[in-house]
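Beneath this line is the structure, given in structure tokens, with notes to follow.
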Amino acid sequence: MILYLLDLLGVAVFAVSGALAAGRKSLDLLGVAAIAIVTAIGGGTLRDVLLDNPVFWIQNPIYLVVILSSAALTLIYTRFRQPPAKALLIADALGLSFFAISGAQGVEQADLSRIIVVLMGTITGVAGGVIRDVLLAEIPLILRRGNLYATAAIAGIIMYLILQQFGIVRTVAALLGMGTITALRLASIVWGLSLPVFSLQDRQ
Amino acid sequence: MILYLLDLLGVAVFAVSGALAAGRKSLDLLGVAAIAIVTAIGGGTLRDVLLDNPVFWIQNPIYLVVILSSAALTLIYTRFRQPPAKALLIADALGLSFFAISGAQGVEQADLSRIIVVLMGTITGVAGGVIRDVLLAEIPLILRRGNLYATAAIAGIIMYLILQQFGIVRTVAALLGMGTITALRLASIVWGLSLPVFSLQDRQ
Amino acid sequence: MILYLLDLLGVAVFAVSGALAAGRKSLDLLGVAAIAIVTAIGGGTLRDVLLDNPVFWIQNPIYLVVILSSAALTLIYTRFRQPPAKALLIADALGLSFFAISGAQGVEQADLSRIIVVLMGTITGVAGGVIRDVLLAEIPLILRRGNLYATAAIAGIIMYLILQQFGIVRTVAALLGMGTITALRLASIVWGLSLPVFSLQDRQ
């Protein structure tokens with residue numbers, strides 16, 4: 001039950017981030033709704049299609065209701081006030097951490113290789129934002145130089161898997177994995193951590 | 001039988017619109033064929049993949065033959081004359097209306113939520129054009145400020161569902177839904193109707 | 001066994017080409033890994049999803065290991081030396097030829113129309129590069145004016161199918177099809193062959 005609420009919270013946060021990104025590109029209302037939907041469900045949808053599972057939001061349309069409500073509230077809120085950047089970053093980090101771990105848990109049960117579990121969890125957490133950026137004709141944020149994002153997801157999922165190997169209960173391991181992701185993500189923003197860049201142009 | 005012919009007509013119209021878009025970007029012949037195919041079958045393919053149905057054109061390759069023929073005729077025609085913009089807009093509106101309603105009908109039978117039926121019909125109608133624009137590295141037309149497009153599809157599908165609630169026969173409801181989409185789309189072009197835009201930049 | 005090794009070689013070559021493309025865009029290490037993965041498995045993944053087959057690399061994670069190793073070696077190698085352009089072009093042509101023919105073989109067994117076999121083989125060979133270019137916010141290379149690429153794949157697959165009609169053993173036909181693709185691709189680079197361009201702008 002708590003997991004389900006966290007899941008809906010993650011969807012809502014990503015819908016808000018999608019709506020804000022759409023606003024920066026001056027899309028119309030339907031474009032805002034479309035980008036909010038894609039950002040919020042893109043990762044889970046790609047995971048389900050790759051694994052040939054039923055797509056999660058088709059069976060349970062409450063996800064779409066939450067997304068459209070979140071996008072509408074974003075439109076109304078930003079009409080009167082600036083979006084609260086700091087609160088959003090924290091919420092986004094929480095959304096990322098929940099999606100990544102819940103994505104990993106879904107695959108884990110299918111008894112697949114560990115590397116696939118890590119990859120599927122990461123896809124669940126970040127692919128929605130990637131599709132959003134592709135639709136807005138930009139190089140996806142997470143591929144560019146920037147603070148840790150997918151890296152935080154990967155580290156948290158690995159933490160979650162290792163803790164289970166050491167006999168930690170699944171729920172505790174999941175919470176610690178989510179904490180790792182949120183902490184890494186926020187620490188990387190505060191201290192400006194990032195991965196090294198690979199650039200062929202610098203030396204040509 | 002009439003439905004099947006309308007289906008092929010919709011595919012042909014979208015193939016022409018894809019080929020014209022490719023011509024504006026100066027692609028080579030294979031690029032034109034690829035964009036024509038993606039525009040014409042992208043929406044139905046995404047719908048089938050999301051619902052885990054067999055992809056419609058894999059079972060019945062006549063669709064690909066129609067698309068490649070339409071693209072070839074477009075190349076030949078535009079060598080001699082300007083593309084007839086008005087006729088194309090009407091044909092495109094008809095294609096949209098048919099794809100949207102037939103997409104909704106396919107999902108309807110799977111006994112899913114109404115909101116999913118509307119979304120799947122809309123995806124069937126518009127996703128091909130979205131993928132075309134993504135491949136051409138542009139922000140998809142339907143997300144930008146412009147005349148009603150996806151909005152017309154959504155309104156027509158809702159009309160189609162409501163009419164059935166009132167006891168109207170399915171075929172009649174489908175025709176009225178298609179009429180709604182075509183009329184809304186064309187009216188929005190004639191009178192310049194559009195949805196309000198959400199822009200964060202205007203106020204910063 | 002030889003086929004499996006060729007398959008892994010194709011994956012490795014495409015991973016290298018993806019890593020180099022990422023380097024030209026100055027992505028960070030994770031971006032490089034992501035682009036390498038997408039380039040190497042995108043085509044086969046799209047094919048498997050469209051045909052509703054299990055996705056090939058989910059069952060067998062050795063593919064991911066090969067890709068990540070290839071990307072890492074690319075990073076190390078280019079730190080000291082220029083990437084060897086000529087060797088890479090030849091390797092890429094071999095990768096294309098193997099993916100196209102093995103993609104066609106997979107579909108062939110499902111007893112589908114010939115046009116679908118050709119299309120699926122071509123998708124297997126080229127879609128990874130298309131997704132890579134979309135993520136890097138460029139119009140995909142194979143759609144633009146340039147040397148034969150998808151065209152070479154199509155010609156080789158048709159050759160493979162025709163040879164089988166004439167009673168040639170499947171393995172021999174596959175090798176001759178692969179030879180056709182590699183030869184056409186390399187010849188088109190050496191002599192600058194390309195398809196005619198369709199441009200609406202030239203005459204407006």
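Glycine is no exception: its Cβ is also placed from the backbone N, Cα and C atoms.
Since this is a predicted model, take the numbers as computed values, not measurements.
Residues annotated as domain 'Glycine transporter' in TrEMBL: A:5-77 (among others).
The annotation transmembrane segment is assigned in TrEMBL to A:6-22 (among others). Long-range contacts of the transmembrane segment (A:6-22) within the same chain: residues 31-32, 35-41, 62-63, 66-71, 73-75, 78, 83, 88, 91-92, 94-95, 98-99, 102, 128-129, 132-133, 136, each at least 6 residues beyond the stretch ends and with a Cβ under 8 Å from a Cβ of the stretch.
Feature annotation from TrEMBL assigns transmembrane segment to A:29-50 (among others).
Marked as transmembrane segment by TrEMBL: A:62-80 (among others). Long-range contacts of the transmembrane segment (A:62-80) within the same chain: residues 8, 11-13, 15-16, 18-20, 23, 29, 32-33, 36-37, 40-41, 56, each at least 6 residues beyond the stretch ends and with a Cβ under 8 Å from a Cβ of the stretch.
Annotated transmembrane segment per TrEMBL: A:87-106 (among others), in sequence order.
Annotation source TrEMBL lists domain 'Glycine transporter' at A:90-164 (among others).
If you look up TrEMBL, you'll see A:112-135 (among others) marked as transmembrane segment. Within its own chain, the transmembrane segment (A:112-135) has Cβ neighbours under 8 Å at 14, 17-18, 21, 34-35, 38-44, 46-47, 50-51, 96-97, 99-106, 141-143, 149-150, 153-154, 157-158, 161, 181, counting only residues six or more beyond its boundaries.
Tertiary proximity for the transmembrane segment (A:147-166) is limited to same-chain residues at least six positions away from its ends with a CB under 8 Å from its CB atoms, namely 93, 96-97, 100-101, 104, 114, 117-118, 121-122, 125-126, 141, 172-174, 176-181, 184-185, 188-189, 192-195. What TrEMBL records for A:147-166 (among others) is transmembrane segment.
What TrEMBL lists as transmembrane segment is A:172-198 (among others).
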